[in-house]
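Chemist: According to TrEMBL, the protein has these features:
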- 219-301: domain 'Ionotropic glutamate receptor L-glutamate and glycine-binding' (DOMAIN)
- 326-586: domain 'Ionotropic glutamate receptor C-terminal' (DOMAIN)
- 1-24: signal peptide (SIGNAL)
- 329-348: transmembrane segment (TRANSMEM)
- 392-415: transmembrane segment (TRANSMEM)
- 580-604: transmembrane segment (TRANSMEM)
Amino acid sequence: MARILHNVSLTILVLALFVNSLSSLEEKKVFNLAVTLKNVACPSIVVVFDQLFWDEEFEDFSQELSQLSNSHPVLILSSNQSVLQKCGRDGSKRRLEAIACSNVIIFNRHPEELTRIYHQLTDCVYASQIFVVTEMTPNAADLWLKEMKSEIIVLILRERNKGLREIRNWMINGEIHYFKLLRKSAVNRKDLRLHGGKNLMGRYLKVATLNFPPVVFIGHQSIYGIEPSIMEVLASDLNFTFDYFPVSPNEMWGAVSGEGENRTATGLLGALMKKEADVALGNLYIDYTRLSIIGFSSYYKISEECFSVPATRPYPKWTALYHPFSFEVWIATFLSIFFVILTLRLVAKWSIESSVVDSYYQDPFLCFMTVWGHLFGLQQTQEIRSMANRIFLVWWLFGALILSTGYRSGLISFMTFPFTPPPIDTIQQLVASPIKKIVYDPLMKEILIKSNNSLQRQLGSQMITNDNLTYMFSLMDSGDWAVDANLDNLRYVVATQYPMTPDGPRVHLMRECVFAMRAALGLQKESPLKPYFDREIQRLIEAGLVEFHRSRFAKKADTWNPKASKQKIVAFSLDSLQGAFYSFAIFVLASSLVFVGEVMHALIKIRLSNKK
């Protein structure tokens, strides 16, 4: 009996050692497979394990890891290690130091933990390939791979005490590829059809979009524009099909609300966040707030945020009487007249008291009228004997010639050419202006308020947000509002809704824009489409196709040319000469009042003399 028990015990021990050696060989096979299939551009290897795996099967595997570390940088982490938790999606990202790009091997017997470990790892390291060794049924493995939608995951299924069974991986066309593992079979990248292909293998995509000319036009039966044209080129080159669905006009790009797991979004952002769409079109700006919930392709253009302001109207033609001189010139002219009158009056007074008699300028009013007449080229005959008066008058007449010539030239210019005050062209002028400022997206107001530039912060505090794009653009014609929008969109709206009139433009685009943003196609967070779209968009930019499609749909407002006329001879109109008639009427009225005053004064004087 004792001999039988001894033989049974020896048999069990041999079988245990054999199974343990097979397990060790299988785990070595995992490392060899990972090293063989890894991305050679990423030399480092990160090994993540759960404690149960390590206690049962890796106790004697330290020598294998040590040998592996001689040829590759190796980092060994526990799936419960604090560094992974700190790299999780709790807003406190801290990437692992000295690791720029890694191939990851995960050993785990708890499939329910794989999603958490995957997200924590991708937040911690730049993983080129992730090999997951776990115990899972094929159906559960397929469901998990479809949920992750990641080409970098290679799922290696094993059975306890039986070793590796098969390899499964998700492909970009949405299918699951699997490869049976035989004990002596060799595996290469071609067998697994790992990512790195040149197209999307006929994948079907759902594209969310909105009406935002000229970026996207939504017609009755078609959707076209700058980004739809780019999307068609991408579909042709990357081999995929797609269909559009417009988001609600009331939501447009959408807003983000809530915190953490309770965070929600609407519009284009919500369609991507809830995975209702694979791609979103609509001049989406790359912003850190949006990056926390969605992804972006590489940007295809630098898009500027600018303001459309009310266009300034030409001054009335009668104002041509004072526009030829600036305010400073007018002040200098009147001071000069006063100085000349005073000087001539003083010289006349001195002449009366001396042997030289120049009594012509002793009457102050006559002196004023004479000096004023000099400016208009009216010369009065008088005898001037004083040499001082002669020299002084020569220089005054020379100055009056220059002033009168300049005034006449300016007067003719302003009567024939409409004079318009300069429009608002700088941010500083806009901030100082009393006109109201409006913007659709609250994100723009938030960016301005948080800016390091004090001028932009002031502008942000003055801006009013609005959720109706059509109504916002209708305010441009009121003359009381400045509207903020994308420069391409503003140009299109101005050219189509506010075309040039014979009297000039109705609205004006400021020369200085607020800031520049990067516009890209929206993608789901961690979308596997990103490397494909990025590569193709870069090719389109280098080939000039992006700019070509922008120019196809862009609109530019006509430049106002007030000189343009079909008539070869243009006569002065009553409108051009209204200043002359207004001034004539004013001075006739003034002279009439003076005449009435003189008559009244004479009558009073006669009546007083008769009483005496």
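Note that Cβ sites are derived from N, Cα and C of the backbone, with glycine treated the same way.
These figures come from a predicted structure and were not determined experimentally.
I'd like these features described in context: how deep, what's nearby, how far apart.
Modeler: Long-range neighbours of the transmembrane segment (580-604) within the same chain, counting only residues 6 or more positions beyond its ends whose Cβ lies under 8 Å from a Cβ of the stretch, are 318, 321, 574.
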Chemist: Any idea what the model's mean pLDDT is for the domain 'Ionotropic glutamate receptor C-terminal' (326-586)?
Modeler: 80
Chemist: Below 8 angstroms Cβ to Cβ, which residues of this chain, lying six or more residues outside the transmembrane segment (392-415), approach it?
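Modeler: Residues packing against the transmembrane segment (392-415) from afar: 317, 319-321, 323-325, 333, 336, 340, 343-344, 347, 371, 374-377, 384, 572, 576-577, 579.
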